[in-house]
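Colleague: Here's a structure for you.
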Amino acid sequence: MSVKPEKPVWMSQEDYDRQYGTVGDGENKTAIVEKTTITTQSSSNVVVGEASKTSSDIGANKIQKRKRHDDFALEEKKRRERERRLREEQLKEHEIKLTAEKITNVNNLVREHYNERTYIANRTKRNQSPIIKLRNFNNAIKFMLIDKFTHTGDVVLELGCGKGGDLRKYGAAGISQFIGIDISNASIQEAHKRYQSMKNLDFQAILITGDCFGESLGVAVEPFPECRFPCDVVSTQFCLHYAFETEEKARRALLNVSKSLKVGGRFFGTIPDSEFLRYKLNKIGKDVQEPKWGNQIYSIKFSNNDYHENGNEFPSPYGQMYTFWLEDAIDNVPEYVVPFETLRSLADEYGMELILQMPFNQFFVQEIPKWVNRFSPKMREGLTRSDGKYGVEGIEKEPAAYLYTVFAFKKVREHVE
């Protein structure tokens, strides 16, 4: 008799029972309890929200400051909404080329987006972001993932390194060299500035503009002979989905990873959870031609109904495009489903063996007890929910805890082309 898998926290009990059968009386029903948080060890960790009441002795200047702050916040919200609508209109003009004719260079669209986001981010303060708790949660996930698979003295290659947001995390792991490659030249420039401004980073950083997935890495790294290949670690955070535009790009991405790693090296990262995407699509009626879901801070939209028309299966493991919008971060950029079994199969073909795959919420619950006292007080505060537990809540929970999964592979043999 087959063993039923544990119910994902984002799946309703009704859907689980329909797919796997009703839970028996003798089974442990605690599996259905939501596990995205863990209670802090003392009541002192509880963060109380700002007091909403105003006492009679608050000065007029404080009231004026609050009003100015509220006015500014309202204007910022309106500005972001205008930018989002403009981006949606621009994207609609490209959808036919992106989906049917496939002649638009998605790399250019992604590059332009992240160049633009870099300039916008330089003008805004991170702690004013409407998704600050989501950012904190994602950072915690990366801290724990990097620490788990990175060792002292390692040479690290990060594909899609962005603005170098993980440099300090790798510094804490004690690496000796960091090679970062990203398609956005503006992001690489910002990563250079970040590295130069950071103190006590005892490792060499080589930051390169290049295409990690569309061509051989040799094209990008050839002018940098100081890069110490093969590496101990290859990491890709929130970007591998771009490689699944075509089978050719996905294979090139995995070949780049394999050729860059020494035997025994680790390849790890974060990607959208294909099972969660399938779950959400299954919840939408089959007559909906452009399936879409989300909330006030994020949305995902498929431009066709191929999934339902193909019997609730993607017609191909490659090229299954959707557009993703995340408030203050992603502006309706094309992304691609990464069927995890396809990723695992490709990795195996290129000499890498799966050692970990786990949704964010489960990974967080598993690892956070080891990290409660290792995180800084500021980090712990940023992870504390309104109920005194560590995690993420409200409208930020779905795009943070449920949408993504962590993975890790180990290179066990050389790939022979």
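Glycine is no exception: its Cβ is also placed from the backbone N, Cα and C atoms.
Keep in mind that what you see is a predicted model, and the values were worked out from it rather than measured.
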Colleague: Among ASP154, ASP202, ASP211, which residue does Swiss-Prot annotate as binding S-adenosyl-L-methionine at the site that also has LYS142, GLY160, ASP182, GLN237, TYR242?
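Modeller: It is ASP211, as the record lists it for that site.
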Colleague: Cα of ASP211 (S-adenosyl-L-methionine binding site) to Cα of LYS169 (site 'mRNA cap binding'): how many Å, rounded?
Modeller: 24
Colleague: In three-state terms from DSSP, label TYR404 (site 'mRNA cap binding') for me.
Modeller: strand
Colleague: Between the Cα atoms of GLU335 (site 'mRNA cap binding') and TYR242 (S-adenosyl-L-methionine binding site), what distance do you get, rounded to the nearest Å?
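Modeller: The separation of the Cα atoms works out to 6 Å.
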Colleague: Can you tell me how far the Cα of TYR404 (site 'mRNA cap binding') sits from the Cα of ASN138 (mRNA binding site), in Å?
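Modeller: Cα-Cα distance, TYR404 (site 'mRNA cap binding') to ASN138 (mRNA binding site): 10 Å.
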Colleague: Which residues in the same chain, at least 6 apart in sequence, have a Cβ under 8 Å from the Cβ of LYS169 (site 'mRNA cap binding')?
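Modeller: The list for LYS169 (site 'mRNA cap binding') reads LYS142, PHE143, ILE146, ASP147, given in order along the sequence.
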Colleague: What is the one among the recorded positions ASP182, GLU335 whose Cβ has the most other Cβ atoms less than or equal to 10 Å away?
Modeller: ASP182
Colleague: Mind computing the max CA-CA distance among LYS142, GLY160, ASP182, ASP211, GLN237, TYR242, which the record assigns to S-adenosyl-L-methionine binding, rounded to whole Å?
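Modeller: Site span for S-adenosyl-L-methionine, by Cα atoms: 23 Å.
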